[in-house]
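The structure appears below as structure tokens.
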Amino acid sequence: MTSFFTSAGSLLSALLILTISISITLNSFSETQSLLVPTPEPPILTQSWKDLQQLAFKPHPYTSRANDEAHDFLLGRITELCSTKPFLSLSDDLFNRSSIIAQRDTLDPTKDEFRVISFKSGNILAKIQGSNPSLDAILVSAHYDSAPPSYGATDDGIGIVTMLGILEHFANSSQPLRSVILNFNDNEEFGLLGSEMFMKHPWSNETKLFVNLDGAGAGGRAVLLRATDSGVLGPYKSSVKRPFGNSIFQQGFRGQLVRSQTDFHTYSSNGMRGIDIDFYKPRALYHTRRDNVEEASKGSLWHMESMAMDYVLSVANLDEPLSDDPTQAVYFDLFGRYFFYISVKSLVIINVVLLALIPLLLVRVNRGSLNVWTLLRLPISFTASTLVAFLAQNFVIHDSLLLSNGYGSPLLALASLSILINHLLLTLLDRKAFLYNQTHIILSEITAVLWIFLLWATIKENNEENTSLYLSTLLFTLFSAALILGSSSVLQFLIIVPLSFSATFSVGDLLLQALNQTGQDSLESGQTVIKLVLALSVALSLPILPFAHKLSVSVTAFFAVTFIIGTVSSYLQVPASSENPIKLRFLQTLDLGRAERQGGSEKSYANFYGRRNHVLPALASFDDVSCEVDEKLDTEICKFEASRPWIVNGSLSENSFNEYLSIDLISVERGQNASSAIFQINVADNRLCAVEFNSTGYDSEKASGSKNPSPVKVLAVYNGDSSEHTIADIPSGYSKDGEGNQYYRLDQGIDLVHVYKVDWKEPAYRIGLEWESEEKLGVTVKCYWGEFDAEVAVDGENKRRLPAYDEAVKLIPESSLLTNKKPGLLEVSGHVELP
């Protein structure tokens, strides 16, 4: 070998290193280019950025007064824009729309509990009336509430100002063919309630199509996360100038790899067709105080806004129905410039043709005789390399949360090790017993395995409409083409390696970007991400295996050095940093015990929830911290006595704990088959309370998986304070009487009740329950407040509402970040027994 290119091995080595470098660089380059802001800056973007600064000025969860400020700001902007054209109008739900909704837990679909929610809507709707009323209207939806500790810039402020941008566009342009309805909805975070209430609005009868805008991350690019079917993707392909999406995300939601939901769930469950555009990373900043304007960017805003605008304008001016293909779609973008999609049904047909045709063509390809030894080379090498990578994983990924702070170094180390071991073993076996057709034999073996994999994928796609297995089609096609067309190793390498390595890396990288920080939720999630890193490391070596024995010694040095660098970097890497912090879920609790007027606890506790061995170290600055471990989830709960909260503007006596919450029993009726009771929850300056139940053999907190259903069958929410209300002959489902009292009967049992109100001045909730039991019913009421960045005046002295939260933010390390555990940051609870 007199020069680098004097042999095929040197040429293949150079091509391999070039392929790896381009694949890694291309992913980063595509993202950077997608986030560039046009020059000159579009006026709509300039205005949207100003709107975002106003909307995300302070945290504004539904359980805060700042939520009202967000509502009023939006109402003012929408009113202003709708006044410019006669075909623009608005509808404000505040104080005008309420209902009772029954649902399962939207944040954890694995739970089988039922909750019933009495909700009063704060939605604001704007309608752009189309010129052709015979065409289906399109809904655009985003939520303006934030999570309690979050300023809500990305989740979902960018979605909201994107909708304002769409409204502003139509305020300055002509009337579209189709009507466009914008749902600025409130309280998505705790049950998708704003979208549920939209389905009870008269305008919902006009909409058959939708675009949902949300944020499951806190920046970066907005991704086409999901689509209801293939038919709705036509306008996306033809109109969106900067596409970004992959159907593997859609399958991840269906497979519950991410245990959260968006309003897409509500709309699609009600028979509407549409798409879900979301931010998906970084999840470590999602639902925290660092989801703010300062850490957002105009690039992220413009990426979502331009994508949504392109799609909505295209559909709004489409004078013919969208394709009615109801099947799921496989889709992906190329470099953020091109978009490809195909229905799963069509992909199955292609796969069947490949499965039948390719073996017939390969039968004609005969490159010599085979024996057992020649066939065992690949299995020996691949098994050994996978085993070594698996063993090395425990050293490289030395903490189950390590990947939360970056997966690049561990992936680099394990992938390099897998390729290196295969290269060394196959080269050694080739030198020990030379085979002139070893490349062909290994190609044939891998193609046979890929045929089986494609068969399995086709069955999954046909039976389950799986949208994540499309790489099986690509890989089988490339390997088969190399066998059929390849006359030299270089040509076969060029057919297989660049495209298959790049595609595998791109898909795996996207998955890790979305999932690497989900390990903070539980041990199971963390192990899933570790397995994904290992699987991707092994998969990246697959295209290289047929040529591994031909690579030059320079490749040995390259991957050895890469493995050492990756391993050392991983070993020195810590699980968390200020850039990628570990989230601790915060909840301050005040348990008043039996909540009569004279009762009350004198202690309040700050509770922190998170992964085991990562909560207590973050609380090193606090005294008398006690912890409990959940062995199954590998999580821990730590708590300590905290500074008291202050809720009410007023006197010190008005801020005594027993004034915050009490329960008055109004009436009790004992029947032969059922009992009922009416009681009043007196709670100060509040918007949400939860009601849980317990009796012999049943407890709301342990409802999921319980053998016994809840004894509670009926919820009544009363519109007045009369003591003459009764619960009798309530029909199944939702009903409302002439006095405005609302009822819900759920015969399988109500596990949890949430009651909301929008008027802070309402002093109480009056509710009724009916339960099937001769025993007493224990009722626990938990009320929530979401404000922390605010003060109250107590006897003329300003006090922070939640000084315990302020202290925690100040004293925990920068590598930890607080998020919420419940619908508020403060929970005040009381208990009463219904005789």
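Every residue gets a Cβ built from N, Cα and C, even glycine.
Automatic, uncurated: that is what TrEMBL annotation is.
Database features (TrEMBL):
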- 123-311: domain 'Peptidase M28' (DOMAIN)
- 376-486: domain 'Vacuolar membrane protease transmembrane' (DOMAIN)
- 491-553: domain 'Vacuolar membrane protease transmembrane' (DOMAIN)
- 582-828: domain 'Vacuolar membrane protease C-terminal' (DOMAIN)
- 1-21: signal peptide (SIGNAL)
- 338-363: transmembrane segment (TRANSMEM)
- 375-397: transmembrane segment (TRANSMEM)
- 409-429: transmembrane segment (TRANSMEM)
- 441-457: transmembrane segment (TRANSMEM)
- 469-486: transmembrane segment (TRANSMEM)
- 493-516: transmembrane segment (TRANSMEM)
- 528-548: transmembrane segment (TRANSMEM)
- 555-574: transmembrane segment (TRANSMEM)
**Asked** When DSSP states are grouped into helix, strand and coil, how many residues of the domain 'Vacuolar membrane protease transmembrane' (491-553) land in each?
**Response** 57 helix, 0 strand, 6 coil
**Request:** Could you give the residue numbers and ranges of same-chain residues that sit at least 6 residues beyond the transmembrane segment (338-363) on either side and whose C-beta is under 8 angstroms from one of its C-beta atoms?
**Result:** 230, 233, 236-237, 240, 243, 245, 247, 325, 327-332, 444, 447, 451, 454-455, 457-458, 461-462, 465-467, 470, 472-473, 476-477, 480, 483-484
**Message:** Could you tell me the mean pLDDT the prediction assigns to the domain 'Peptidase M28' (123-311)?
**Reply:** 96
**Message:** Can you break down the domain 'Vacuolar membrane protease transmembrane' (376-486) into helix, strand and coil residue counts using DSSP?
**Reply:** 92 helix, 0 strand, 19 coil
